[in-house]
């Protein structure tokens, strides 16, 4: 079955609730009273003075200050977001649920809130929901600073996150949120690229439109050999190569293998969207296009991680930056890690091929508000700033590509490599998740037995009516589901190499902000408009002029994501910050991390920030603040929990230096410091790294598993170490080389 063609926004990317059957968060009414009281304290009604005139903007502003976080349905929607943690971080949901329950009782409130819940009148102790608003605000301030009982701070962090993210990213059925006008935000409504036929339709099977009976017909119509196994309730499908994942690695591998004449099946757990499907709405788009709906923390809560989860993977939602692998990194990989591929002409040729296929251009005809500020700030203090190549045209002025490119200008794998693959007979199954790799034992060298991968077991995701499992039997199996998902798939399938899931690098980031009022600065536009990354400032290692230790760039932060990061020091303060949203420029410092983490099970990510990385981030954060001040910001600050900031108009150099000296990179919410911060990551690499020996990594220099013949890894997890810049070109080029070798080996087998 196929989805009916329409030029309307895809139903999954529209605003409004799609289900009218109530909420599934499972919280009791007493717990909901508590969460509503917390939301009200976080975002209280603060009516403006009546002397404001009654222009439409002032009316919107007045309504914004009057609005409260306790207004229905906001608390229920925040609770629904909390429920997202249940799959990957159930301890967090349990913790919040228990605290909400305790706070619904008087003695429990006394235990967690202390004397602020006491009253001279009967019954002398208030439940949390009965405590006056001002005192509830004070309780939340104490929780934010709590150093002894860290679970209370984590409850504060999680409830703040879901309250504000929901409040500012939600949209109704018409794609509208009444508070956006007050903060100067407008959803991208430019004309979309409309295509009569979706580019991948010929090779596409969308399981959410299939049933058991229609699926076998769809598979057969695509030229696949399918048999039904009634005893095991599964369909068995044969092909030359099965690829799990469709992003920067999987998309390239699919094209190379299909172009070589092999029958390829691509499995993608996400759904397929094209340009006219996209809504540019932050909430629905993040929910459908990102892993865990864009809310994916590390186990200790210090790292918030963004990863793509749609057809095209991260290439469909990334920020367009196309940076070739630095020469110094290639030397390190070829010499230190002893992988000759990265010193070869083949790799250089692969980078050229990749850049051609995804339409990389070095030019940008009009820079965005944030990139103008980065460039001008650097120029004023003598920092070198370089242009960043992008995989779109020079006229591409789109700030919402992180929600899918509605103009179709940006070239992700879903509009390039996968189109090539489908044109050569590849079949794509969306809404289809790999559960387990299949292995058989075959004779190896020296009379020993070696595992050989014979394919994969997969199942349709929850939207589908397909109940049968899919057993895909293949000559080669490629895991390309990314650094967060490839290791759990391999480990849950029985592979034992201890390097699988370890050495995870995340390119940790810290953000700085500067406020540029429209009437006081000469920068045009708003922070959500224009190309996302078109300029870069690099900070090099002391002994090198080619290895960036830190890079400073501009991010995409929709109002929901911005509000979730903003420090909360009071309800009034957060409202005053949010009305400045549109003209608040953000810059981030990213480090090529020495520290690493691990991911052994889905969504269970741990990460340790190395001391060197902390110092580098501190250097980068101070430089970012200096750039913002030089560009003319009237106020700058960090996202540290205490709301660290300084007014800049007419500031003395000595006062600025004193402020910058106070900027430290502190620990996450689980640290026992009074102030804390949250780190972010949009690049995940090296969790199944390529190595010269089995003791050093998970796969060999051809991307093949050391443990299982015929099993390859073809995504960012194979990189030997962190790249230090956006890894898209590196991942695609590495995938191109690995897939070319696989195609050659299949040719020899045949």
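Keep in mind that glycine also has a Cβ here, set from the backbone N, Cα and C atoms.
The shown structure was predicted, so the numbers you read here are calculated from the model rather than taken from an experiment.
What Swiss-Prot records for 683 is active site, proton acceptor, and it gives similarity to another entry as the kind of evidence. Of all Cβ atoms in the protein chains displayed, 26 besides its own lie within 10 Å of the Cβ of residue 683 (active site, proton acceptor).
Classification of residue 241 (FAD binding site) by DSSP places it within a strand. The FAD binding site feature in Swiss-Prot is assigned to 239-254; the stated evidence is sequence analysis.
What Swiss-Prot lists as region 'Disordered' is 1-24.
Taken from Swiss-Prot, the feature transmembrane segment covers 92-112 (among others). Here the transmembrane segment (92-112) has Cβ contacts under 8 Å with residues 27-28, 30-31, 33-35, 82-83, 85-86, 118, 123, 125-129, 131, 151-152, 154-155, 158-159, 297, 301 of the same chain, all six or more residues outside its ends.
Per Swiss-Prot, transmembrane segment is recorded for 148-168 (among others).
Tertiary neighbourhood of the transmembrane segment (148-168): same-chain residues 35, 38-39, 42-43, 69, 74, 77-79, 81-82, 85, 92, 95-96, 99, 112, 140, 177, 179, 183, 282-283, 295, 301, 558-564, 566, 568, 574, 578, 669-670, 672, 676, 678, selected by CB-CB distance under 8 Å and a gap of 6+ residues from either end. Under a cutoff of 8 A between CB atoms, and with a sequence separation of 6+ in the same chain, the neighbours of residue 243 (FAD binding site) are 250, 253, 254, 257, 264, 265, 266, 267, 478, 480, 714. Considering other CB atoms within 10 Å as the measure, the emptiest surroundings among the binding-site residues 245, 247, 249, 251 are those of 245. Ranking the binding-site residues 239, 241, 253 by other CB atoms within 10 A of the CB puts 239 at the bottom. A straight line from the CA of residue 245 (FAD binding site) to the CA of residue 683 (active site, proton acceptor) spans 16 Å. Mapped onto three states, the DSSP output places residue 247 (FAD binding site) in coil.
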